[in-house]
Ligand code: IPE
Ligand code: IPE
Ligand code: MG
């Protein structure tokens, strides 16, 4: 329980309760379709321009000294979209990895992919593995790509894995603590997001990082994702600076 206590009640003198640059920013990149519709363009064009916005976000995050940037690229529920759009989104991921991996690596970016690999096409899985393997020892920004990701599905997989260990006799149910669960999640080793940004004006979580966002700050921006730029990113960080993170305790700013 010591790890949990550490994380949920940080020493105010160290964390300054939200005053430092957030170590982990997670983004729900929403509004590509509406961006395109507004311009009379096909939805694909919005998604294509959305990839440019990811490149911008990675550069800005690195410049700002953010350590972890998570981008929600394809949800476990996005399979409900028309087959052509699903195929377009898969194609954009493949193109992104093929085209950008060398540059990400050159920039010391470490890539992690979270989400279900099962169910992805056989030409995507090796690409994701290559991206992680090539960049695993990099020490700069960690770019976490949530692809075929769902927070509830992630917890379900973790529960199954732990239940199997209990069944095998290698895990005592009474010894399961917060850290045991975290270690079984796709995000093991990654700190919880300090700040979650969602673009497009929607104010919901859409099955993103369900476990990890228990104490995250949320900032909802009206702009559509392809328009996300340095000014909007900095506006979200400024809003984060105005927040008073209490983690159930009392304000570090009080008294
Ligand atoms: C976000 O944009 C990208 C994905 C969910 C893959 P949308 O495609 O959801 O765009 P809107 O919400 O329809 O405008
Ligand atoms: C959330 O956006 C998923 C991603 C950004 C990948 P959606 O557009 O799929 O979410 P809903 O359907 O509006 O909740
Ligand atoms: Mg959407």
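Any Cβ shown, glycine's included, is placed from N, Cα and C.
Take the CB of residue 30 (active site) and look out to 10 A: across all protein chains shown you find 22 other CB atoms. Residues or ranges marked as active site by TrEMBL: 30.
Among the features that TrEMBL reports, active site, proton acceptor is placed at 78. Under the DSSP three-state reduction, residue 78 (active site, proton acceptor) is assigned to helix. Listed in sequence order, 86, 89 are the same-chain residues six or more apart from residue 78 (active site, proton acceptor) with CB atoms under 8 A from its CB.
Per TrEMBL, the feature Mg(2+) binding site maps to 30, 217.
Per TrEMBL, substrate binding site is recorded for 31-35, 43, 47, 75-77, 79, 81, 198, 204-206. According to DSSP, residue 33 (substrate binding site) is assigned to a helical segment. Residue density at residue 33 (substrate binding site): 21 other Cβ atoms are found within 10 A of its Cβ, drawing on all protein chains shown.
Under DSSP, residue 217 (Mg(2+) binding site) is assigned to a strand (E or B) in the three-state scheme. Cβ-based neighbour count (10 Å, all protein chains) for residue 35 (substrate binding site) stands at 24. There are 24 other Cβ atoms within 10 Å of the Cβ belonging to residue 198 (substrate binding site). Of the listed binding-site residues, namely 76, 79, 205, 217, the sparsest CB environment within 10 A is found at 79. Separating the Cα atoms of residue 47 (substrate binding site) and residue 30 (active site) is a whole-number distance of 10 Å.
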